[in-house]
Structures are given as structure tokens and as C-alpha cells.
Amino acid sequence: MKSLTELFGCFKRQPRQQEASSPANPHVSDTLSMGVAASGMPPPKRPAPAESPTLPGETLVDAPGIPLKEALKEAANSKIVIFYNSSDEEKQLVEFETYLNSLKEPADAEKPLEIPEIKKLQVSRASQKVIQYLTLHTSWPLMYIKGNAVGGLKELKALKQDYLKEWLRDHTYDLIVIGGGSGGLAAAKEASRLGKKVACLDFVKPSPQGTSWGLGGTCVNVGCIPKKLMHQASLLGHSIHDAKKYGWKLPEGKVEHQWNHLRDSVQDHIASLNWGYRVQLREKTVTYINSYGEFTGPFEISATNKKKKVEKLTADRFLISTGLRPKYPEIPGVKEYTITSDDLFQLPYSPGKTLCVGASYVSLECAGFLHGFGFDVTVMVRSILLRGFDQDMAERIRKHMIAYGMKFEAGVPTRIEQIDEKTDEKAGKYRVFWPKKNEETGEMQEVSEEYNTILMAIGREAVTDDVGLTTIGVERAKSKKVLGRREQSTTIPWVYAIGDVLEGTPELTPVAIQAGRVLMRRIFDGANELTEYDQIPTTVFTPLEYGCCGLSEEDAMMKYGKDNIIIYHNVFNPLEYTISERMDKDHCYLKMICLRNEEEKVVGFHILTPNAGEVTQGFGIALKLAAKKADFDRLIGIHPTVAENFTTLTLEKKEGDEELQASGCUG
């Protein structure tokens, strides 16, 4: 990738500074899509600008005009700033000033509006490119109001005058965060650290089954944290069976899992995290309000608590970080008789025979650990598994889960009927109906099966309908997610969004956390850094974990052409599985996707193995640094580990090849 020097031609470096890099196309918007888990989202189909313009320790020689760093600081800390290049633009500057002065109100008005000082800052054309790249505004001269990029005169005039007048007044808070998930909390604490007055609103509407939870969002309460703990509990069950092969003498009798004990342990841990977040907010002097926030004006929020008491709050800026909630299909009986991942981890009874509906990572992960506890589990899918992920890897996961003892049904439920009602001590019993092709006649016929628990995991949707975004004109996509110019609303410049609720953004907890912190530094401290939304390592915590980073086979071929892609792969056998004779050993697999005409630059890697997340995280940095296959070849592996297989790949994947067989230690 090109460096910023190559891209903008404006920087002179002090000696021995690290070379930074920039996106291949700085004009491509990174705007927008388990709030969710640090696992399970495919790499984005259209990567955002990949590299931050931040150059640590950089000296910017930028004349004429003030240095870029100073200019951005002024924009962040002044009420009104206009950036321009030359005296040729002075006429436009006068037009800005004239328009703003037209908003003045008479001195005898109830709250007379005074127009603050308008700072006109001259910057070089090179700095102009950087500022426009940071804001994704093409207009010039470019105006900032209270640290928010507005755009040019056209964009300024497009704002309602009443909104603009109110924007220039003082408000109670510098920032109100709506949503107390991982991203919202990170942003609130970072803004407070930068000296801003911050409030954070968080309120969880109960699921149709009545489940709610505390501060921390999806990941902590009903996503990655409880999911990973239950995944680990499932793996421990297999380790107990393996222990005999390793010489451990176990008590006679059947080893059984106790659902209630695990559930209570998981919920105790979550409760400690909920309390910890409240303590952190207090220590950071962030005002925590356990109320549901809704816009009632451009700079006003109505905060309604569980007692229906309403409090009005005002702020200069707002951050939407409300995340996602599970979707429910319009099928008779679904909302009455099914649960989602919102309910599973607090389920008061043992799930029993379970149907997981959906091909998402949530469905497969939950199916995996429930089967590991000894439950009869079926996964019902409409079409392909793990849409958006590498489909070769998805098929390998399906084959492993079938070998593991799970069942797969192709279809979609048409209705669900209750047979026995559930209680707090016992699961109910339900009959699920769906159409299935008769193998003898070829005709579709209705079939049914009884289950104790039905888990719906068909996808998630943004929590934006009841936040009042339409009241103030925040533009949303068809997905209900906020459309943004980076994290800034495309239509209301004092409203921002991060995390799962931002269109086009990977739905991953670490992404939301980093986006929140980086955004706060940019708008409150003038930092010239951006969140990098590409080449994000991720893991699906199925029984045999799937880790990946970069492009799938399908996306690599679509982007670069089939003839320019070379794929190295192998099947391997973890040493730990040899003595225990695990069936998993024939399913462990990895591959590396490279570009033929770019010295075999690595554009994606995928691995199906125990502890795939730990392996993927480490190798992810190689893609960020544009590593080539030869770099992996030169790296000496740690023996015996599964990770060392990335350093010994020699087999090229070709169409028509027979399935690989694992052999020897670690491959």
C-alpha cells in the first residue's frame, strides 16, 4: 500500500520514524453494518480505508498556512473554524460569515443568540487533502462547528436554521452516549479522559420471553462472554473423556453436565462485569443513566427509566451505540414459543432436545456447545452456512459437526405448536412444522418434529426504531443502521454512530471499542487517526474453531481474478489428538490465499483447529504488514504446535484434487 507521503506528497519526516501507510483509495467511504461477539463476523465485503493517517512523532512541514496538527487542534477546540487555501477563496469566506451573521437575534429576544468568533485558518493544499480524507467531505473551504465537520457553504445552508441556531448555544453535556455496550462505554470513558462532560444512557428492553440484563451490552451479557464460557465448558467435557487415554483414573459411572450450575456460574461472572463497568464510569466521572434515550429535539434527549420517569438532557454531540437485537420471522408461534441468544444464557431449565434455526455463527456456536453438554441438537438452515465467510471452510465445519453427532435439516419452519407448557424447572415441548422434499416422489410435503427448546438465530437488526432518529433527520439504510461519513451521520453532523449500528462496519466488539476511542480522540483532541476496518482477524467458536483474516477464496477471486490467486493448504493432526484418537484429527485444516503477480502477497488465511482464535490473532499482524508467502516460509515455527503449519505450507490447492489426509506430528 502507498504511504501518506506517496499519496499526498506533503510530509517531511524526522529521521528514524516508522513509515505509515494509507488506503489504496482515500476517496472510498468506509461508511457503513453478537454488539456482539469478538467472534463470528465475516470480513467486510467492501473494506473501509485501511490505514490511519496518524504518523507517530511526525513533524509536518506544511506551508503556507498553519501546520496540520495545529489546524486540527483548533477545529476540535473552537466554536467555528473555516479552513481555506488561498486569497482566491476570500469571497467564499465572506459568504460563510454573512450567512452566519444572518442568524443573529435581537438583543431583546428571550435568549439572544450571539455568533461566536469565526476562525479562518489557512492551510496548504496538501493539508486540505488530509482534512478532506479524514472527514470524507469534498467541499472546500470546509467549516467545522464545535469540532464537527459540516462541509462547505452548501452543506451549511442545508441545515435547518433552527437547528443551526440551537447548535451554537450552550448545552448541559459535551457528549451523550446512547447505548452502554462495549463501544459506547469505551467512547464515554475516553471522552471523559479528554476533559469532556459525558453522560451514558443504557436501558435494555426485555426480550419477548422477558429476559433483560445489566450494563455492558450484548457481548458481555448475551454474546461473546457467556458464549465463550459455555464453549469452554463443552470442551472440558471432551477433555474428561480424553483423560483416561492420558493415564488419569476417573470415578466409575457416567459423567454428566449440570446446566443449572454452569448457568449460575456464568451469570455470577457477568454480574461482576456489570458492576465493574458502573464503577469505571463513576471513576471516570461519566454520568450513568439507566434510562431509555430518545431524541425529542436536535440537541435534546428524553431519558425514560423503568418507572416511566422522564428526564430531559441536552448535549453538543450525540453518539449512537445501541447495537443489534435478534430478528424474529413472521411465523406462527415463533415469539410465543422460541428463544434467542438473548434468553439462552439465563435459561432457568435444562434445554433438552434443541432445534437451532439459522445458518449464522450464533446458531452454529450455540448448537456446538449444547451438543457438547449431551443434548440432542439439530440445526435447520435455509441455504448455505456462514454466509459471507469462506464457503470451503463453512462446508468443512458442517462435515465436522455432523461427524461430531449433530444433525442438519434443510428448510424453514412454517409454524410452531405447543404440546407441553414450560415451567421454571422443566423445558416445554413443541412441534415444529416445515416443508421437505420426499426423496421417493420428489414432491414437497409437510413434516414435523418435537423439540424441548427452539433457538432462533436467523440474524440481527439495528436498535434504531425507537431512538427518535427520524425526528431529527438522521439518515438510515434499509438495514435500519445509521448511514455515515465515516462514523459521522451523513445528514446531522453532531450525531455519530459506532459499532454494529453503523452501516458497513464489521459487527465485532473490538471494532466498536477501537472505533469509540479513536473517534473521541479525533473530534475532541484533533487527532488525525482513523479506525481501520479491513483485515480484521475473527473466530467462529464452533466445536472445532474456525479462525480467519483477510479475504475468502470467493472474494479473492472476485477481486483479483481466478488466475492471479494461488492457494496453499494442508490437513494436519494436532499432537494432542493422537493419543486420545479424537475424530477431530481428520478435520483440522488451514489455507493461505496469495497473489501470484505480487510476489505471493498474502491476502487471506483460514484455519480450522482447536484454539483457532489464539492462532489467528497472532498471524493477523502479518496481513496488516503486507506479508508475503516467503515471509511465512522464513519464519521458524514452534514445535509441536498447530500454528507452525503456517510456516511449512507447500501444497497448492487445485480443482479436482483428492481430499488431503493428515499424517505425522502436526501435519
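Backbone N, Cα and C define each Cβ position, glycine as well.
These figures come from a predicted structure and were not determined experimentally.
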- Message: If you follow Swiss-Prot, the disulfide involving C219 connects it to which of the following: C200, C224?
- Response: C224
- Item | H639 (active site, proton acceptor) in three-state DSSP notation | coil
- Task: Round to the nearest Å and give the CA-to-CA distance linking C224 (disulfide bond) with H639 (active site, proton acceptor).
- Result: 30
- Give the number of CB atoms, excluding that of H639 (active site, proton acceptor) itself, located within 10 Å of its CB. 10
- Message: I'm trying to understand the geometry here, so how far is the Cα atom of C219 (disulfide bond) from the Cα atom of H639 (active site, proton acceptor), in Å to the nearest whole number?
- Response: 34
- Across all protein chains in the structure, which of the disulfide-bonded residues C219, C224 has the highest Cβ count within 10 Å? C219
